[in-house]
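Following: one structure in structure tokens, then a few remarks.
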Amino acid sequence: MNSIEFPLLDRTTQISVISTTSNDLSNWSRLSSLWPLLYGTSCCFIEFASLIGSRFDFDRYGLVPRSSPRQADLILTAGTVTMKMAPSLVRLYEQMPEPKYVIAMGACTITGGMFSTDSYSTVRGVDKLIPVDVYLPGCPPKPEAVIDAITKLRKKISREIYEDRIRSQPGKRCFTTNHKFNIERTTHTGNYDQELLYQSPSTSKIPPETFFKYKRSVSSNELVN
């Protein structure tokens, strides 16, 4: 899985020398020992938990899960991110030391998913909060897809230059875009009093005369059914 190509050594000579740069050596050490911070909020994180078992064994990639952002260089977000959780996620990312990377796992993390439809509290894409290096679509993604995302991140690390990455980091990021709440016309079915069921928000109690009027309009057979 290591994408860095090493030169072949001459076995005929007793002394062999490998020439490289400090940047390549740093990239090789970082891609071989990624320490992820697991930020799972929904069902996608269960698929990532499968990698810990012996079937996939993600330890062979040098991944060591950490519980502190100050000891992690990779944060893996999985699940829905709400507006109330957004400041906490940004704070965790800011506490991670440089260089740091982000993998967005699942449709809810990348676009908000089905929970972002006419929702005022769901962030439509975690990339509006923190910069994302690898997008992993799926609902939920399979463990094999998670391994492929980690492999792509390792290849990206092997080709990057640290100084260029620092300069390319955005200075400010917004929390989210303005959400559009579309009020659709509801479809009512059945025989019931609309005034009883759909009252104004200021009405906290049902008047007794309205309640008994509705009760008399419904027969006993309908109440049993």
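Using the three backbone atoms N, Cα and C, a Cβ is placed for every residue, glycine included.
Swiss-Prot lists CYS43, CYS44, CYS108, CYS139 with the feature [4Fe-4S] cluster binding site.
Under the DSSP three-state reduction, CYS139 ([4Fe-4S] cluster binding site) is assigned to coil, being neither helix nor strand. Apart from CYS43, CYS44, CYS108, CYS139, the [4Fe-4S] cluster site neighbourhood in this chain, defined by C-beta within 8 angstroms of the site C-beta centre, holds SER42, ALA78, GLY79, THR80, GLY106, ALA107, THR109, GLY113, GLY138, PRO140. Each of the binding-site residues CYS108, CYS139 was scored by other CB atoms within 10 A of its CB, and the lowest score goes to CYS139. In the three-state DSSP assignment, the secondary structure recorded for CYS44 ([4Fe-4S] cluster binding site) is helix.
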